[in-house]
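Below you'll find the structure, written out as structure tokens, and then a few comments.
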Amino acid sequence: MEQPLGDMSPWHPDNHMDPEPPTKRRRFLADPDEASSDPVAHDSSPLPPSKRFFENEDETVPKTERLETIDEKPNNASPKSSSTELPTSQQEPSPSFDQETFETFIGDKVSEDVLSAIRSNCGNNIERAVNMYFDGTYKKFMKKSTRPAPPRPAASSSRTPNVSGERTIPIQTSKRMPNERYIGAFGVEGWATRSGTNLLKHGDIVKIERQKRAPPPTKSKGKAGPVTPSRGFGAPRRQDVVVRFTTQSGTEVGRLAREAANWVSALIDEKICRFEGTVVYAPERLRTNDTIFLQLRCSLLNSAFFSRPFQLADDRSAAFFNQNETNDEKTLRMRQVALVKLFQEINLHPTLTNSATKDGRKGLLQAAEQDEEKQKEVKKSDGNGTNNTKEANSSQSSDTEDGEELEQDQLDALYKKAQSFDFNTPEAEPADTFAMTLRKYQKQALHWMMAKEKDEKSHREPLMHPLWEQYEWPLKDVDENDLPQIEGQSKFYVNPYSGDLSLDFPVQEQHCLGGILADEMGLGKTIQMLSLVHTHRSEVALEARQSVVARSNVNQLTRLGKNSESILDAPCTTLVVAPMSLLSQWQSEAEKASKDGTMKTELYYGNEKSSNLQALCCASNAANAPDLVITSYGVVLSEFSSLAARNGDKSFHNGLFSLRFFRIIIDEAHHIKNRSSKTSKACYEISATHRWALTGTPIVNKLEDLFSLVRFLGVEPWNNFSFWRTFITVPFESGDFMRALDVVQTVLEPLVLRRTKDMKTPDGEPLVLLPPKQIEIVNVELSETERDVYNYIFNKAKRTFSQNVEAGTVMKAFTTIFAQILRLRQSCCHPILVRNRDIVADEVEAGAAADAAAGLADDMDLESLITSFTAVTDKASKESNQTFGAHALEQIRDEAENECPLCFEEPMNDQTVTGCWHSACKKCLLDYIKHQTDKAEVPRCFSCREPINKRDLFEVVRHDDDSDMMSKKPRISLQRVGVNASSAKVVALMSELRALRREHPKMKSVVFSQFTSFLSLIEPALTRANIKFLRLDGSMAQKARAAVLNEFTEKKGFTILLLSLRAGGVGLNLTSAGRVFMMDPWWSFAVEAQAIDRVHRMGQEAEVQVKRFVVKESVEERMLKVQERKKFIATSLGMMNDEEKKLQRIEDIKELLS
């Protein structure tokens, strides 16, 4: 037997911060010779039946839970001493009931009536008898013989009786919630941190305390001052969950075991509960690490019922890629788990709950366990490879998302129900103020949207919020003593998914009065929403519209009262939030769809923002309030950030967050698919009666994409992420895919209306009759110099990849390899994109001075050339070649259709003139010069034998579409071949555009590229060809964008719109164009298809032809294979585990660099 340790043992409270005792055999008996005098109290605790130490036959708690942490029993114990230990499994026989042994256990004599009640109900089991005595359950059996009463729970009074009958219990009452209120009691195990005799005895009261840890000292770092720890994420040190119990004098004698301390500490720290302990058993001679059993009385504090602050827009935010859990996330998780654990321990059950949440607690704990495991993995990976983490983080955007991705067939299955559109759905006619004619499917959508908005339940009895549970305050404590009651407060309410408590009945607010219009791109979502704005107006708006003439004073109108939150109702106004590039389109579409004077629109952006939106839109200004306020996601985020900086104080705010709009519409709603982004949280906070989300893709590739939309719409109870995670995310990540997908389908079905362009009506007709669309791949051959640049970058990237494969560091160097692949893609567009700009500028200057002596420029107007040569001809020294040159230029101007002297084609293809003014086809001349050069001969003119070179060749350019020319003959210019020749892709594009201009001189086209710098290189080529063009990219202000789109729509004649894929890939209506040129492929063709659908959409009347330029034998060709397999280079796929995802990324890179 081990010797007692002194007070200053290594496990003294001042020397150890871990709530777990040291790893050694615990002493449940003092010494063999002490067994008869020291009662074995580890099995004599007044604990509830749910606790593992003791059990009650009346409760359905598995016996296998008993003493699951007691691993060893004393050897060579006498029959009597062995009977004092609880069995650790059901196989061990239980000692029979014996009065002498029983009284030895409890350390007291009992009366005959108590002994009779215990003996008759313990089933001849000594353990059950001890339990019944200490937890007081024997009393209910005694009461049965005196007066009838409803049975009470064994361990505590936390199970409240049915309140259906009258109570005649004299209890103390008050009218105010006290600082704390008893809720129940439970048993816990602790361990001693001090040695001594008679330190604790049965029945002693101990204090349950948390010692506040001093903040770590700030470290000074030179002149920069102290370095403070980051507040955003949890510190890497071990978490402090130590819970101490002390005597009344304040002397610490022990700590709670870690299992209980984990959640008890959270309840104390969060100021939810206060605990008071009673010693059930402690050895008379206490030694460090001895087991002590306590009964904890728990009281809920008044502060637990306070609400949380404004900044927590979501119930919990997502952890970013490979980052630690934030302090707020950890606090919320521990608060949730602690409340669930507490109610389990005190055997407290709700008297009213939602049927959907009955099994939620198990899932909630499972979700918390998964989060905890993830955090352990993150900390482990942080410790093993910090550089790798930083590398990975740098490659991710600030909106990195969590959650596993869906396979395509799973995504299709999710949409199947939403797309099972009933073509017999009733139709609704738009209001007479609406100026457009809706198609049948659009009228059906209008009926569906109006039904969703008008589905109000104000006449029904208020229902409890589905996330909350109702509990009743106990009437008696664990010792059957009456508890003071609060008048009008017999119940309280708990939300286990958010950790909130309330004394007031949590009424379920009006369910979602809106939805998701998820029609495929090009089916007219904007028009359908505008028809809803016209058709469904509030009563205040209708009254204001009818009375605007009859009443001279707007103060005579019915008003909605102001509330104390500084949020005013805007009953006449619909707020539209859209990407900046779509603001002008919404405004113009609203004007087109409205009859004159029926729709007031307000652009709330930049300099156009109203100084006081609240005064403009409030009910008291109903007659003058705008019907439609259009703003951008950026403005919403900006105002939300300003409001958050004031801790949500709206008293000084008169912008978007100061109003409760009649309706809010977010366009391109996939902008908020990441629930943890600031933009998403800002949109959640906007107040509105009706909420709509417009997107062609409500789920992009993760289930969490849908959650963010559900959160925005306020769909109870799914807008709570803990609830969503419990019933959807956890089953999905645990492999129960069908269960999770079934639940998501039930969420989607009532919320989403989705139609696609390939749907057929019952008559077999397409839903929308669109003109045909042809997509053609144009293979581009790189020139020798371009191929040299490409090969150089390709070999460098391949070498880097091979080296990292050998070293096993591919994922660590993923960003570097990916950047080199990006360089490869840029070199396919134009070599200059990957070169130093200064070097390129020097080369341009040198080339410009090459022919200065001859006075020839790269671009020359033919008229000025003829004038120049005519002037020379008039001189006395009339040289024959100059005279012939003037004559040749006049022939070109007069469109003399001479045949090519080399290939004998008539007329010439891309007519080109030599320095000696002889003409031939451009290709013929270049091939002729190359043939001469290959034979090591000096190239000479095929006609006059003068020396020629590529730099002396000028291509004839006719400006056929020049509407400014008054002359019948178009202007003609010469452009030097070679100097102005751009990359192979630009040359191919210009060839297509020239051919298109000849065939369709009035055609409009859109040129897409993901590289804005490449668009800048296309501009000079268009200028030289005298092709009119406009440009729209992300760097332009909203007004400039609106002007460009308006000019492109209104402009007559051959026009090109240069558009960046990011700025113009979504939302825009470009049906005035008929041709699309995709200059470079994207990883997913879906992104390109989105851009193409800006042209091929409802309103398009002509056939749309799409040309996709792809460089042969390059990374672009291999990207098409990646597209065909529906893969993404930067993301993982489907149900792969982390290792499989890494391997898949490596395989993708191998294919791109093969």
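Cβ from N, Cα, C; glycine included.
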**Prompt:** With Swiss-Prot as the source, which of 670-715, 716-761, 900-945, 1084-1129 is set down as zinc finger?
**Reply:** 900-945
**Prompt:** Where's the emptiest Cβ shell within 10 Å among the binding-site residues Met521, Leu523?
**Reply:** Met521
**Asked** From the centroid of the CB atoms of Asp519, Glu520, Met521, Gly522, Leu523, Gly524, Lys525, Thr526, the recorded ATP site, which same-chain residues not already listed sit within 8 A by their CB, in sequence order?
**Response** Gly696, Arg1097, Met1098
**Request:** Find, for the listed binding-site residues Asp519, Glu520, Gly522, Gly524, the residue with the lowest Cβ contact count at a 10 Å cut-off, counting only other Cβ atoms.
**Result:** Glu520
**Asked** Under the DSSP assignment, what numbers of helix, strand and coil residues are found in the zinc finger (900-945)?
**Response** 13 helix, 7 strand, 26 coil
**Prompt:** Over the domain 'Helicase C-terminal' (988-1144), what is the model's average pLDDT?
**Reply:** 83
**Asked** Which residues in the same chain, at least 6 apart in sequence, have a Cβ under 8 Å from the Cβ of Lys525 (ATP binding site)?
**Response** Leu517, Asp519, Asp667, Leu694
